[in-house]
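What TrEMBL says about this one:
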| type | residues | note |
| --- | --- | --- |
| COMPBIAS | 234-247 | compositional bias 'Basic and acidic residues' |
| COMPBIAS | 311-322 | compositional bias 'Basic and acidic residues' |
| COMPBIAS | 341-361 | compositional bias 'Basic residues' |
| DOMAIN | 92-228 | domain 'Palmitoyltransferase DHHC' |
| REGION | 234-367 | region 'Disordered' |
| TRANSMEM | 20-40 | transmembrane segment |
| TRANSMEM | 47-65 | transmembrane segment |
| TRANSMEM | 138-166 | transmembrane segment |
| TRANSMEM | 187-206 | transmembrane segment |
Amino acid sequence: MARGPMRVNGLHRPYSGLQVSTWVLLPVLVGGFYGLMVPALDTLERALCVTFYSLFLAVALGAAFKTCAINPVDPRLEKFLLTGVRDPGSAETTFCALDQINVCKTSRHCRFCNKCVLGFDHHCKWLNTCIGTRNYRFFFTTVTAVVGFVAVHFGVAVYLIALYATDRDDLEERVEGGFGGGSHIDIYFAFLVAYTAVLLCVALLMLQLWTFHIYLIYLGLSTYEYIIHEQRREREREHERNNREQEAQAARRRAAARDRSPNPHPKGRASDGGGRYAEAEPIPNPNPNPDPHRTRTRIPARTRTGTRSPTLKDQHLDRGEAAESGGCAGREHQGAGVRGERRRRGQRQARGRGLRGRGQRRGGQPA
């Protein structure tokens, strides 16, 4: 069940401060009209203004009382309060965690009245009751009637002020006829201006409330739904503003990075002279090899006769081989000389044996 006491309607205690102020302000307005303005009107004006004003006032009082007297509670919660039976949930209901009961989908829990209200629109602090499906038409009738009698009231005040500015003698005669011969026109006018200033504030507030609810009726929304919708739109607008700010900051950082770069133009782009950059032609890659870790094969340069000309790499290799073999160059050279001497000696001995053989054959031995 709901926590704490549950208010039944607008006539149930405790009363709110704005509700009490409404009870005080309404007699002031009504008394100012009948006691301050009606005596300054002639017979026909008095009859017309009093008739319309009294009609609007009666409708406003009756509709306001009906609005406050109706209990706008959800019917399922009302049934549970009377019988103690909980309705099972369905597709048309939702669960209220505060009242611990299934209620209509359009019902919302009012924290001021501490109950779920069917078709919740808002909680009116001036009447100290929730406005929902059951009493919304009476609430709108109250607002319309209040706008009506305040409009008549304000119109009469403006008429008397204009009469003071255009025909002061006529207004003075009316005041003396309505209030007695000792009335002073300047004092009356001062009270009239102060009263009209208060009346103007009331008229603007009621006119704003009336036009707002006409707009809601046109949209087919309740006050609660309109507030939720506006909060969602505000979050979306805030998100868009944050995105634009982030993009602007990123653009400023990129511009600052370009300004600090030694290259005045971005990489791969060329300026057209007007501060704009256009895409430049890509620079061809001098190394067509896609693998940067693969070693390219150097083709040795050759002369016209086909002989290879020594390159810088060959000179480095020759010097490296000489440096590596420098320690044993003398021994290798000595060994090569001994082997060559032995080879030449064997060749001489073989030639000597061959010459001796040919001489014996020539000396008389048969071939």
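Cβ coordinates come from backbone N, Cα and C, glycine included.
Predicted automatically and left uncurated, TrEMBL annotations should be read as such.
Most Cβ pairs under 8 Å to the transmembrane segment (138-166), among the stretches 20-40, 47-65, 187-206, belong to 47-65.
Summarised as a single figure, the pLDDT of the domain 'Palmitoyltransferase DHHC' (92-228) averages 91. Secondary structure of the domain 'Palmitoyltransferase DHHC' (92-228) per DSSP, as helix, strand and coil residue counts: 84 helix, 20 strand, 33 coil. Applying DSSP to the compositional bias 'Basic and acidic residues' (234-247) sorts its residues as follows: 14 helix, 0 strand, 0 coil.
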